[in-house]
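Noted in Swiss-Prot for the protein shown:
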| type | residues | note |
| --- | --- | --- |
| BINDING | Gly20, Ser22, Asp264, Phe266, Asn460 | K(+) 2 binding site |
| DOMAIN | 103-163 | domain 'CBS 1' |
| DOMAIN | 167-228 | domain 'CBS 2' |
| BINDING | Asp261, Ser262, Ser263, Gly312, Ile313, Gly314 | NAD(+) binding site |
| BINDING | Gly314, Gly316, Cys319, Glu485, Gly486, Gly487 | K(+) 1 binding site |
| BINDING | Ser317, Asp358, Gly359, Gly360, Gly381, Arg382, Tyr405, Trp406, Gly407, Glu408, Gly409, Glu431 | IMP binding site |
| ACT_SITE | Cys319 | active site, thioimidate intermediate |
| ACT_SITE | Arg418 | active site, proton acceptor |
Amino acid sequence: MAKYYNEPCHTFNEYLLIPGLSTVDCIPSNVNLSTPLVKFQKGQQSEINLKIPLVSAIMQSVSGEKMAIALAREGGISFIFGSQSIESQAAMVHAVKNFKAGFVVSDSNVKPDQTFADVLAISQRTTHNTVAVTDDGTPHGVLLGLVTQRDYPIDLTQTETKVSDMMTPFSKLVTAHQDTKLSEANKIIWEKKLNALPIIDDDQHLRYIVFRKDYDRSQVCHNELVDSQKRYLVGAGINTRDFRERVPALVEAGADVLCIDSSDGFSEWQKITIGWIREKYGDKVKVGAGNIVDGEGFRYLADAGADFIKIGIGGGSICITREQKGIGRGQATAVIDVVAERNKYFEETGIYIPVCSDGGIVYDYHMTLALAMGADFIMLGRYFARFEESPTRKVTINGSVMKEYWGEGSSRARNWQRYDLGGKQKLSFEEGVDSYVPYAGKLKDNVEASLNKVKSTMCNCGALTIPQLQSKAKITLVSSVSIVEGGAHDVIVKDRINDYHPK
């Protein structure tokens, strides 16, 4: 006989936080939003900790390399979408890992007998303005000079000018030995007023380039999420079909964490995928799993060895899984149920497995609710799709600037691997839509504004950390009338005057 749940499931919109005591030190500047990304034993620390509890969704229209770089600068992490070829996904991961490494392996290189046209082509392809000239045109050839925009011919139509005739030769370059520390390299850049400092070995082979822009950027971005080599952290999505080929390529490219991307993660296919990764890499490769919406699903993936588990089916703004298949659960109820099972699992095993709330976030305060209910971090699609750094184009519709946003279950994404249970047969219907979202500008400004709200609400609850919020939060269900009462009502808001229609 089928199991029935008597209580209806709820969304974040049906809850509010009740204020707690705010002490004198409860001010937003004192709030610490760091949170674990992967599982750890009681008494130990997670091997990867986010500095902010936000990650971008594994979607074509959200998480490309620009998004990954921008979010890592702010302390979060992106999961590069897997609905593309293995080679292109690995290339995106590689680009993020090498964007700011302190010591950067040059990806813009020419030989001295090449031309200005070649320099322009490389700069356009890589978006880098410093081109290394090596004897063989490789990243680690003998360094002969550099070409920057200051070396360009006055007449830019002289595209046949030889590189050897326009470059700044090695004899005029300031360089440093490969034993030089990053702090020492930055000091040289600062004192010599350089934009780029080539790092060479004893035989004049180019090893790396240290850029001034990376130093300047690090002074502004104090919250950057980087590895031990000062490279940005980046995640990548995988599926349960080609994981035997995709995972090694992503690991080789430098992915810091993987996540199985599926609309329904309560599946033996995910267990098989995790098992294969554990057999080949042990615990060195971190992999999340999901999505699930109840404690039973959590327990299955926890026992399978998942490093974190995602919660949510059908709650995304572009997801139509619920109306197509009748599968899913209200996001708030799902988080509450899964967190209860996670806490029980922790008591039984001493292993803390972070959970991610994926979907259902409409307003910024929903982020705070998800965290208060026990989520360790939040995966967002629509939220990040609005930003300049998302990989979609901007369009103007009825005078408003919009960005395209489509679901991985839409025909446009054609990523059927996410929306089946494995095997060879693929589904023939959509579980996502193709849409637009209002353009919101740069990621940095928007994330800062959203997290300021989260911090302020945490202070209202008397909490300075996410664990404190989860232990102190007082959460109440609200009626539909209370929801109306919570917004502006019985007035005509000035910026909405053109939309006013008397009853």
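Count begins at 1; order follows the chain as displayed.
Positions of Cβ are set from backbone N, Cα and C atoms, glycine also.
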Least surrounded among the binding-site residues, given as Gly20, Gly312, Gly314, Gly359, Gly381, when other CB atoms within 10 Å are counted: Gly20
Gly381 (IMP binding site) - helix vs strand vs coil (DSSP): coil
Cα-to-Cα gap, Ser262 (NAD(+) binding site) vs Gly381 (IMP binding site), nearest whole Å: 15
Mapped DSSP class for Asn460 (K(+) 2 binding site), helix or strand or coil: helix
Greatest inter-residue Cα distance in Å for the NAD(+)-binding set Asp261, Ser262, Ser263, Gly312, Ile313, Gly314: 14
Residue pair Gly312 (NAD(+) binding site), Tyr405 (IMP binding site) - Cα distance, angstrom, rounded: 19
Binding-site residues: Ser262, Asn460 - member with fewest neighbouring CB atoms within 10 Å: Asn460
Entry from the binding-site residues list Asp261, Asp264 having the most other CB atoms no farther than 10 A: Asp261
Segment confidence, the domain 'CBS 1' (103-163), expressed as mean pLDDT: 92
Residue with minimal Cβ packing [other Cβ atoms within 10 Å] among the binding-site residues Ser22, Ser263: Ser22
From Gly359, Gly381, Tyr405: binding-site residues whose CA lies within 10 A of Asp264 (K(+) 2 binding site): none
Sparsest-packed among the binding-site residues, when each Cβ's other Cβ atoms within 10 Å are tallied, from Phe266, Ile313: Phe266
Spatial separation of Gly381 (IMP binding site) from Phe266 (K(+) 2 binding site) - C-alpha basis, Å: 22
Where Gly359 (IMP binding site) falls in three-state DSSP terms: coil
